[in-house]
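> Sharing a structure with you now.
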Amino acid sequence: MGQKVLLNSKEVNIILHRLACQLIENHTNFENSVLIGIQPRGIYLAERISKILEEEYHLQKIKLGALDITFYRDDFRRSDKPLEANKTKIDFIVEDKRVVFIDDVLYTGRSIRAALTAIQSFGRPKDIELLTLIDRRFSRHLPIQPDYNGRQVDSINEEKVKVHWKENEGEDAVYVINK
Amino acid sequence: MSELSVNHLLGIKYLQKEDIELIFQTADHFKEVINRPIKKVPSLRDITIANLFFENSTRTRLSFELAEKRLSADVINFSAASSSVKKGETLIDTVSNILSMKVDMVVMRHPNPGAGIFLSRHVNASIVNAGDGAHEHPTQALLDSYSIREKLGGVEGKKVVIVGDILHSRVALSNIFALKLQGAQVKVCGPKTLIPKYIESLGVEVEPNLRKALEWCDVANMLRVQNERMDISYFPSTREYIQLFGLNKAMLDSLSKKIVIMHPGPINRGVEITSDVADSDQAIILDQVQNGVAVRMAVIYLLASKIKQ
C-alpha cells in the first residue's frame, strides 16, 4: 500500500485561508449565513474555517452546526458494512438562512445529495453552497459541484484520498493512498 | 460494535451487553430526530412492517407504529379481534399469508409465551416481540433502562426495585434481564403470592417490605396488578394491596433521598401509585413514553439493516 503526499501542512494552511477569504467575499459579515459541517469528517474543516473567520478576520458569532446524513443515505442495506450514525448538532433555525455545506473530500456526490435532503428537516434555507477541501473530479455519480474548492485532484477509484487534521491525526496533510 | 448480534428481538435474554449499548447509542440519534421540526428520516422507505396484535394494546402499538412511520417504513396493522384468527386459522398460516404480500418485518404481541420464538423458526422475516404472554416485553425493558440512563447518567451500579405483580409481568422479567446485564442491582417487592418461586435464581433479591425497598433503591418501577391474567385471588383485597404495596406521596416524601419513579403504564391511579405520585417531578412516566419511540426506532433500524436485499 503506497501513499503520496498531496498537500503538506503549509499548503493546507494557505488553502484554508483562501477558502475563508472567498467565503467573506460572498457572505460579508455572515449575519444571515450558517456553516454546516458534514459528519463525520467535514466537521474538522468546518471548525477550522470558522476559527480562522473568528480569530483572524474578527467576524463575531459564526453559526456552526454539524449534520449527520446516515439516515438519509441511499446505500442503507446495500453496503457491506453497517452504517454508523454520528451526532447532529444544529441549534439554530436554517429557515431563510444562507447555508454553506462543508466537507473534506467531494467524491461521488452522494453524501451531499443526502445532506441536501437532511437539511430540509431544519427548515427551508434561502440557498445552499458547498465548500470542499479536495474535489476528486471525474468521479461524480450526480450533478453536484463545489462552490468553493481547495484543490482538484484526478484520482482513480482504487485510490483513496485521506485528509489528516492536527486535532485528530496530529498533522495537517492530505494523502493519496493506493489500496 | 455497529451491528446487532441477533436477527430478531425476541427477548432481552438473547441479547449481549454490547447490543443494548448499540441500541441506546442509536436511540440517542433518533431522540434528536424526533425533536426536529420535521421528525422523519427516509431510511426504511423500502421496508414493509406488519404489526400483529393478538392481544390488546394502546401505548405499545401506537409507539411502534409511530417509530415505523418516522423511519418511513410502510406499515400494515392487524388485530386479532377483527381477523380470520377467529375463524380458526393457525398462527403460522396467518403470518405466512401476510408475508406472501412481501412484508420484511413482523412486530407481534401474543398472549402465549414463546410465540415470537416459535414464529422466528418458521417464517422468513425479522420478528420483534412486543410482548408474549407473561414471558418477555423486550422493548419496554430497553426503554426503561434508557430512561434510567438518561435520568441518572447510567444503569451500572444503580439500585432498582420492581414493585407489584412480578408473577404475571413480562415487563418485570425483561427488566430483570436487562438491568442485570447492564450491571444494576435489582430487588423485587410484592405480595408473596405474586413473586415467582425461583426468582432468586435470576440474581434478584426479594424484599417484602415496601418502605425498606424504597429506602434502598435509586429507582422504583411500579407495576400494575394484572387482574386480567389472574385466574384465582392472589391477595385478599385491593384495599389491603394498596395499604401494603401502594405508593403515596406521604411515603415518597418521608424517604431519606429522592428516588426516581417509573411505571410502564397503564396506571391504575390510586392502586399501585396515587395520582400525586404519578404527576410528581420524581416520576418519569411520560419521559418513558417519549423514549419508547426513540428506542423502538433504534431497534427497528438496526434489525432492518440486517435484512439483506
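Backbone N, Cα and C atoms are what each Cβ position is placed from, and that goes for glycine too.
Note that TrEMBL annotation is computational and uncurated.
According to TrEMBL, the protein carries these features:
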type    : residues                                                           : note
BINDING : B:Arg59, B:Thr60, B:Arg109, B:His137, B:Gln140, B:Gly265, B:Pro266 : carbamoyl phosphate binding site
BINDING : B:Lys87, B:Arg170, B:Arg224                                        : L-aspartate binding site
DOMAIN  : B:8-150                                                            : domain 'Aspartate/ornithine carbamoyltransferase carbamoyl-P binding'
DOMAIN  : B:156-302                                                          : domain 'Aspartate/ornithine carbamoyltransferase Asp/Orn-binding'
> Looking at the binding-site residues listed here (B:Lys87, B:Arg170, B:Arg224), whose Cα lies nearest to that of B:Gly265 (carbamoyl phosphate binding site)?
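Out of the listed candidates, the nearest Cα belongs to B:Arg224.
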> Rank the binding-site residues B:Lys87, B:Arg109, B:His137, B:Arg224 by the number of other Cβ atoms within 10 Å of each Cβ, and give the residue at the low end.
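It is B:Lys87 that, of the binding-site residues B:Lys87, B:Arg109, B:His137, B:Arg224, has the fewest other Cβ atoms within 10 Å.
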> Per the record, L-aspartate is bound by B:Lys87, B:Arg170, B:Arg224: how many Å separate the farthest pair of Cα atoms?
32
> Across all chains shown, how many C-beta atoms besides its own are within 10 angstroms of the C-beta of B:Pro266 (carbamoyl phosphate binding site)?
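Result for B:Pro266 (carbamoyl phosphate binding site): 10 neighbouring Cβ atoms inside 10 Å.
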> Below 8 Å Cβ to Cβ and six or more residues apart, same chain only. Which residues does that give for B:Gln140 (carbamoyl phosphate binding site)?
B:Thr60, B:Gly131, B:Arg170, B:Val171, B:Ser174, B:Asn175, B:Pro264, B:Gly292
> Over all pairs within B:Arg59, B:Thr60, B:Arg109, B:His137, B:Gln140, B:Gly265, B:Pro266, the annotated carbamoyl phosphate binders, what is the largest Cα to Cα distance, rounded to whole Å?
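Comparing all Cα pairs, the maximum is 16 Å.
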> Cβ within 8 angstroms of the Cβ centroid of B:Arg59, B:Thr60, B:Arg109, B:His137, B:Gln140, B:Gly265, B:Pro266: which residues besides those meet this for the carbamoyl phosphate site?
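Sorted by sequence, the hits are B:Ser57, B:Thr58, B:Ser63, B:Ala130, B:Gly131, B:Val171, B:Pro264.
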> Taking the Cβ of B:Arg59 (carbamoyl phosphate binding site) as the centre, count every other Cβ atom within 10 Å, in any protein chain shown.
14
> For the domain 'Aspartate/ornithine carbamoyltransferase carbamoyl-P binding' (B:8-150), give the DSSP counts of helix residues, strand residues and coil residues.
69 helix, 26 strand, 48 coil
> Could you give me three numbers for the domain 'Aspartate/ornithine carbamoyltransferase Asp/Orn-binding' (B:156-302), the DSSP helix, strand and coil residue counts?
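Reading the DSSP string over the domain 'Aspartate/ornithine carbamoyltransferase Asp/Orn-binding' (B:156-302) gives 65 helix, 23 strand, 59 coil.
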> If you draw a 10 Å sphere around the Cβ of B:Thr60 (carbamoyl phosphate binding site), how many other Cβ atoms fall inside it, taking every protein chain shown into account?
23
> Between the Cα atoms of B:Pro266 (carbamoyl phosphate binding site) and B:Arg224 (L-aspartate binding site), what distance do you get, rounded to the nearest Å?
7
> For B:Arg224 (L-aspartate binding site) and B:Arg59 (carbamoyl phosphate binding site), determine the Cα separation and express it in whole Å.
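About 15 Å separate the Cα atoms of these two residues.
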> Measuring Cα to Cα, tell me the gap between B:His137 (carbamoyl phosphate binding site) and B:Lys87 (L-aspartate binding site) in whole angstrom.
28
> Please work out the mean pLDDT for the residues of the domain 'Aspartate/ornithine carbamoyltransferase carbamoyl-P binding' (B:8-150).
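Taking every residue in the domain 'Aspartate/ornithine carbamoyltransferase carbamoyl-P binding' (B:8-150) and averaging pLDDT yields 92.
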